[in-house]
Amino acid sequence: MAGGKCIALIAHDQKKDAMAEFARRNQDVLADWHIVATGTTGGRVLDACPDLKVTRLKSGPLGGDQQIGAMIATGDIDMLIFFIDPLTPMPHDVDVKALTRLAVLYDIPMALNEATAERLIKTLNH
């Protein structure tokens, strides 16, 4: 994936519908990018937008967050969009913190909510 444009998409369970809708609304822009996503999120995005190039990794609790973190560290991810659910307790909260830390450390654009994601998406392909 080196040299390509790649966006990582992750969404907590209560935000997966919002992520699928976000992808559907922005599929014209996302079509020019390769997408990696945690397993269930990637499946939901593909259901909404079957023509997008999506690589599904493991589910977040099974290591998908760490797979995306490793891709950030190797320079294979250019942007992270992670719709978090602040109202639901997360048993894998440390994974969220680790992923956020890597995005900050490697200085990649990161959105943790839909409003920020919409603004970031508008900067692509310009």
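Backbone N, Cα and C atoms are what each Cβ position is placed from, and that goes for glycine too.
Taken from Swiss-Prot as is:
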| type | residues | note |
| --- | --- | --- |
| DOMAIN | 1-126 | domain 'MGS-like' |
| BINDING | H12, K16, T38, G39, T40, T41, S59, G60, H92 | substrate binding site |
| ACT_SITE | D65 | active site, proton donor/acceptor |
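Recorded features from Swiss-Prot, shown on the structure.
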residue	record	DSSP (3 states)
H12	substrate binding site	coil
T38	substrate binding site	coil
S59	substrate binding site	coil
D65	active site, proton donor/acceptor	helix
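Proximity to D65 (active site, proton donor/acceptor), defined by a C-alpha to C-alpha distance within 10 angstroms, is shown by the following binding-site residues from H12, T38, T40, S59: T38, S59.
With the fewest other C-beta atoms within 10 Å around its C-beta, T40 stands out among the binding-site residues T38, T40. The sparsest Cβ neighbourhood within 10 Å, among the listed recorded positions (H12, S59, D65), is found at S59.
In the predicted model, the domain 'MGS-like' (1-126) has a mean pLDDT of 92.
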